[in-house]
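> In case it's useful when we look at the structure, here is the feature table from TrEMBL:
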| type | residues | note |
| --- | --- | --- |
| REGION | 1-57 | region 'Disordered' |
| COMPBIAS | 37-47 | compositional bias 'Pro residues' |
| COMPBIAS | 48-57 | compositional bias 'Low complexity' |
| TRANSMEM | 72-94 | transmembrane segment |
| TRANSMEM | 144-167 | transmembrane segment |
| TRANSMEM | 174-195 | transmembrane segment |
| TRANSMEM | 210-234 | transmembrane segment |
| TRANSMEM | 255-281 | transmembrane segment |
| TRANSMEM | 310-332 | transmembrane segment |
| TRANSMEM | 458-478 | transmembrane segment |
| TRANSMEM | 490-510 | transmembrane segment |
């Protein structure tokens, strides 16, 4: 069944190959009529055509047509892990021994040389558990906590949308207004805690004056570091504000991502819940046996031998699934934003999110699994290296090994930075995407790693200030409507954590948009085209912003 959209999109070629022009440079000079000229770029030296990579003759663009499956072995391996986890999990449910929770109710019977159950002890334990549960449920703290978290969850959606709208239209005003609060908020909370703890007898007894002073000074030192970071990067803040504004505009034109990305997270949580259920029931696989110690017999639980191996398999599957889902979200975001970028008009392409989802969980699913596996391995190896560093194992061999591992992990991060973004645009395999991304950025004299991290720090500061203001408001409301006492600080702190997690997810999506627009801009420069003029206004200054200071005003582009 064809549609108008498919007929128009599939007619666009993915790559244009011209054997006669294989020796010509891919970086075409923009026409003189372009309103956004790029800075002069030194063309790379010509190489022997017979030794050049075939990918050098490809013009990169968004692949609207059908995509072949890539990196299938890793998809098959991932599905094998998942199938084994679910198969053994279902087996553990039907093979469970319900006496696992009643081990203490069993006693050793010398006549039968086995363990028998004492039913009176079991019924008393159930009654005590139910009484404790109902006592906990009637707590006012629990009631206020649940309602506060529910209201925070509901309000987090309009807060994110309002923040996106403000960042789109008033980025500079928002950043410069909230920038002083990056200093005021930590200092306020630090001094407030110091005074409150000094006036409270229980807190002052738990924390002597020396420890309170150390905490006060430590927080002030952290604030000093924040001030130094702001001062050191002041020359980049203006450009960073414009980058955030461009990314916010791109994200606001694809608001469907705010529905799809959270739904993917909800699907991951449901997937995790089933595996957690399997892990719980796998502990029920075993039997109660008698154990002799010093001539006395006791009843203990003996787990089946396959349960520890299943735990290891299920945990590995969960970690791999987590990193793969994160990469899938990046893929969907990149594919959707790239379709908007490469559209000639400002209208959002039809079914762009559906197309990205179909590609992510179809032809490129193996690429996503491979990327998730690499990210998972990097995290595990780095955790092991950090653990070894904390143990402070002496020896030159251990030091050299740590240096080599860190260098290898940094190289993998280096290659993985924009690989998924590029794969979402072209549909290429992981290794091909990594190589072509590096070559694309190298040909255009752009950084192979996007080091413009000031935007992430600024956004992190913005969400910290907003969530702190929300926590203060929650604390004031609870103080007026409840009698929780000091427990209101716990409820307000949990509301702050929940809101900062939601806003942190929003910042993560916005960071992916920034990276995607950066790659699309690099493709534009490589093709000598300008799809989005407002993007070129900002991103064309990135290399100059990173490599020069305000003492070189003559290098600033007047676009």
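A Cβ is built for glycine as well, from the same backbone N, Cα and C atoms used for every other residue.
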> Within this structure, do the transmembrane segment (255-281) and the transmembrane segment (490-510) have 3 or more Cβ pairs under 8 angstroms, counting pairs 6 or more apart in sequence?
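Judged by the Cβ rule, the two regions touch, with the required three close pairs present.
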> Do the transmembrane segment (458-478) and the transmembrane segment (72-94) share at least 3 Cβ pairs under 8 Å, sequence separation 6 or more?
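As far as Cβ distances go (cut-off 8 Å, pairs 6 or more apart), the transmembrane segment (458-478) and the transmembrane segment (72-94) do not touch.
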> Which residues of the same chain, at least 6 past either end of the transmembrane segment (144-167), have a Cβ under 8 Å from a Cβ in it?
174, 244-245, 248, 251-252, 255, 258, 462-463, 466, 470, 474, 478, 482, 484, 488, 490-492, 494-495, 498-499, 502-503, 506
